[in-house]
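Written below as C-alpha cells is the structure these notes are about.
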Amino acid sequence: MSAIRFDSTKQYYATSSLVAGYALCSSLLAVINKFAITKFNYPGLLTALQYLTSALGVWVLGKFGFLHHDAFTWDTAKKFLPAAIVFYLAIFTNTNLLRHANVDTFIVFRSLTPLLVALADTTFRRQPCPSKLTFISLLIILGGAVGYVATDSAFTLTAYSWAFAYLVTITTEMVYIKHMVMNLGLNTWGFVLYNNFLSLMMAPIFWVLTGEYKEVFAALGANGGDWFEPVAFTAVSLSCLFGLLISFFGFAARKAISATAFTVTGVVNKFLTVVINVLIWDKHATPFGLVCLLFTLAGGVLYQQSVTGPPRESSASKQTGDIDENDADENQDKSVSGKHASV
C-alpha cells in the first residue's frame, strides 16, 4: 500500500514538473516571438527555422545518446500527418496574429480556447460535461475577452481576421493532437520529431502561397552582409530554442492531463506574459482592456480551482496495484490542473 502511495506521489510531482515547464516556456515564448517578428518580419521563415531547430536538435541528440526517440517511419508519418497539418496552421496563424496585433490581443483570443476545447472534448472525445462551477469559470473567460475586444482601440480587420483564424485552428489542434498523443503510442521525443519534421516539410508550400519568398529574396539582395544583424539573430535564436523546449514540455504535458486542462494551463501562465509585455512594450491594451484581460485570466484560475483534487488511488489499485489507464489520466488531470498555470 505504501509503495502505491509513493508511486502515486512521484507520478504527481513528475506531471507537475512537466506542466510547470510548459507554463514557463509558454509564458515567455509569446513575448519572444513578438520580439523576433518585429526584428525579423518573415513569419513563414521564422516558423520554418523553429521546426528545423527542433527536428534537427532531437535527431542529433538522439544520435549522441542524450535522448531516445521513436524511429521515423513513413507509415507512422502518414497517420500523424493530419495532426501536423493542424499544428502547422495553428503556429502559422499565431505568428501572423503577432505580426499584425499586440501581445494582449493574442492572449485574449488564446484565453477563449478553454471554453471551446471543453465543448469539443465533451462533444467529440466523450469527456464528462464540465461542472457548473467549471462552466461558470469558462464563461468568465469569455466575458473578459468580449470586454477586451469591445474596447480595443487598436482593432484592425486584418489583425482580428488572423485572431479568429488562430482561435479556430488552436482549438482544433488542442483536441486533435490530444487524441493523437493518447492513441498513436509514440514517446514524447518521437512526437516532437514527427511534428516538427512534417511541419518543416509543409513550410515551403505556405512560403510560396503567401508570396513571402519574394520578400526574403528581396531583403537578401538589399541587405547583403547585414542579414545576420546581431539583435535579429539573437531574437530568432531564442525563438528557436524555446520552440524546441515548448515542443517537449507541450507533448509531455498533453500526455499527462486532459485537453481542456492543458489549454487552461496555457491561458493562466499568461499572467507573467502580461507583466513582461507591459514592462517592455509601449503598444499594449488600454487600462480597461488590461482589466478585462486580467478578468479573463482570473477565469482560468477559477477553472483550475473548480477541478482541483489531490492525488487519489482508485479502488482497483488498492486490490491489484494496477491503475486503469483512463482512471490514471483523469486523476492526473484533476490533481495537476489546479496547481499550475500557462497555442
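Here the Cβ of each residue, glycine as well, is placed from N, Cα and C on the backbone.
If you look up TrEMBL, you'll see 12-36, 48-68, 80-97, 133-151, 157-177, 189-210, 230-252, 259-280, 286-303 marked as transmembrane segment. The domain 'Sugar phosphate transporter' feature in TrEMBL is assigned to 24-303. Sequence annotations record features per position, and here TrEMBL assigns compositional bias 'Polar residues' to 307-320. Residues annotated as region 'Disordered' in TrEMBL: 307-343.
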Legend entry - Interface present between the transmembrane segment (230-252) and the transmembrane segment (133-151) (three or more C-beta pairs under 8 A): no
Inset, instruction - With Cβ distances under 8 Å as the criterion, find the stretch in 12-36, 80-97, 189-210 that has the most pairs with the transmembrane segment (157-177). - result: 80-97
Legend entry - Segment proximity, the transmembrane segment (12-36) to the transmembrane segment (189-210), 3 or more C-beta pairs under 8 Å: no
Legend entry - Other parts of the chain folded back onto the transmembrane segment (48-68), taken as Cβ under 8 Å at six or more residues beyond its ends: 91, 187, 189, 192-193, 196-197, 199-200, 203-204, 207, 236, 239-241, 243-244, 247
